[in-house]
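Asker: One structure, as structure tokens, below. Some questions next.
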């Protein structure tokens, strides 16, 4: 094959394509710079690990030993038939037979049984508790009380 003949300088002037950018020689890093860079990366990585372990520290020991609280002692109210335990404010603990029914307290869904629902209501006001699951239902009415937890168990029926 033959080489193309030299055609002279590229055309210039209006309408001519712009000249190609000048070719630069490839950059060559000195071996010393690469060594310094590798040492700096290794040093920073080691320093980061040391700082991470130093900041992690030890878990704080509890100031008092952890003990299980005794279960609430509920008293059976003969007048209403409810189990009532001391509590701050007013709440209802709702269980269903069978478990897992959707529980509504005063018309608001509170989740699947068992449910613990705190309520802001004046003593004496009645609230409705309903439970529903797979076409089965049950309901009860409970009077709000001062500083009490009322336990309610609903047996679902068709």
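Even glycines carry a Cβ here, placed using N, Cα and C.
Sharing the feature lines straight out of TrEMBL:
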REGION    1-29  region 'Disordered'
COMPBIAS  7-25  compositional bias 'Pro residues'
TRANSMEM  32-55  transmembrane segment
DOMAIN    92-157  domain 'PEGA'
Asker: Suppose you look only at the domain 'PEGA' (92-157); what would the mean pLDDT be?
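Answerer: Mean model confidence (pLDDT) across the domain 'PEGA' (92-157) is 95.
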Asker: Which numbers of helix, strand and coil residues does DSSP report for the domain 'PEGA' (92-157)?
Answerer: 0 helix, 45 strand, 21 coil
